[in-house]
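Here is what TrEMBL says about this protein:
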type	residues	note
TRANSMEM	40-62	transmembrane segment
TRANSMEM	69-87	transmembrane segment
TRANSMEM	93-114	transmembrane segment
TRANSMEM	135-153	transmembrane segment
TRANSMEM	159-177	transmembrane segment
DOMAIN	213-350	domain 'Major facilitator superfamily (MFS) profile'
TRANSMEM	214-237	transmembrane segment
TRANSMEM	249-268	transmembrane segment
TRANSMEM	280-299	transmembrane segment
TRANSMEM	305-327	transmembrane segment
Amino acid sequence: MTPTTHLALINASVGDIQGGLGPFLGTWLAQAAQWGPSEVGLVTTIVGFATLALSGPLGALVDRLGRPRLLIAVACAGILVGTLLLLPARSFMAVLAAQFVAAAGGTLVVPAVTALTLGMVGKQAFPKQQGHNQAWNHVGILAAALAISFGTPVMGPSIAFWVLGGLSACAIAAALTTPRHAYNGRRAIGWTEDDPDGTPERSAVLTVLSDRRLLILSAALALFNLANGSMLSLLGQKLVAAGQDGTGWTARYVIVAQAVMIPVALFAGSLADRRGRRQLLLVACAMLPARAILSAFLADPYWLVLAEVLDGVASGVIGVAVPVVVADLTWGSGRTQTALGTVAAVQGVG
């Protein structure tokens with residue numbers, strides 16, 4: 001297999017497992033441990049804040065260690081171990097610890113995969129390859145969602161563990177079997193490849209993170225998340241209030257959005273160089289008010305599919321554009337993944 005085929009397998013595998021059980025956590029704990037929504041919410045909130053705090057330091061670990069293949073395998077192993085620890089867990093602290101291990105692994109995956117991609121294809125080819133990465137990422141999420149949806153009636157909620165375990169094993173194998181020579185550590189951070197003896201000094205972390213452009217990007221992404229994050233759940237509540245099947249329609253909307261993100265990611269990756277990064281980000285942000293207007297004034301669940309198509313466009317573009325812009329702003333500093341992790345943390349606050 002070619003190195004980019006390994007990248008495709010890694011991205012298709014990690015897309016669904018980054019959040020551990022994700023939305024299935026509440027279902028599992030309700031059935032296996034008789035937990036209520038308040039307990040599940042408290043665990044996810046605590047873990048969410050903890051992983052936000054870890055996002056920047058884990059990005060710094062990727063920059064410093066320079067071994068993204070190993071870190072991808074470690075991250076996926078953490079996700080798998082943390083999720084499997086949920087099987088016997090019943091107490092609050094046991095569930096909290098297991099979920100934290102899984103979430104920390106998911107937080108490490110993104111900067112590690114980004115570093116591996118940059119070290120393989122270089123800066124010039126990165127936008128297009130990031131588009132392919134994200135497309136495969138959404139393919140994996142879509143395939144896992146369909147497998148769980150169709151497998152649940154046969155195997156029950158435990159199907160989520162089987163799907164996650166299979167994807168984790170696939171990601172670990174793909175990362176560890178990626179040809180060693182395909183990755184160049186100097187290429188990954190923007191240092192001259194043909195001068196292995198000359199090692200430039202890394203930029204100071206505060207110098208990189210205080211870049212005004214990076215701060216503006218972080219603030220914009222936090223506002224994007226603030227506007228976008230709760231819209232789907234509000235749609236579900238609106239449908240329930242109207243007497244519709246809110247859960248069923250929410251699942252369909254997720255599938256629609258993920259399906260739309262696949263071609264959008266491919267298109268955004270090829271468009272990033274031709275039209276510029278700023279235009280991509282503006283298109284993504286412009287989708288939010290349009291989606292909000294449709295969600296507010298449309299009542300028919302079939303017509304509301306249009307709102308989720310816009311969500312697919314916005315999220316698909318953001319997933320490609322943000323790592324590309326961060327790489328642009330930090331290239332050669334030796335701190336690209338530190339910056340990416342920090343930007344992700346600020347975005348997550350929104």
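Every residue, even glycine, has its Cβ placed from backbone N, Cα and C.
Whatever TrEMBL says is automated annotation, not expert-curated.
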For the transmembrane segment (214-237), distant same-chain residues with Cβ under 8 A (at least six beyond the ends):
208, 246-247, 249-250, 253-254, 281, 284-285, 288, 291-292, 295, 304, 307-308, 311, 314-315, 318, 322, 325-326, 329-330, 339, 342-343, 346-350
Answer yes if the transmembrane segment (305-327) and the transmembrane segment (69-87) have at least three CB pairs under 8 Å among residue pairs 6 or more apart in sequence, and no otherwise.
no
Contact between the transmembrane segment (159-177) and the transmembrane segment (249-268) (3 or more Cβ pairs under 8 Å, separation 6+):
no
For the domain 'Major facilitator superfamily (MFS) profile' (213-350), what's the model's average pLDDT?
88
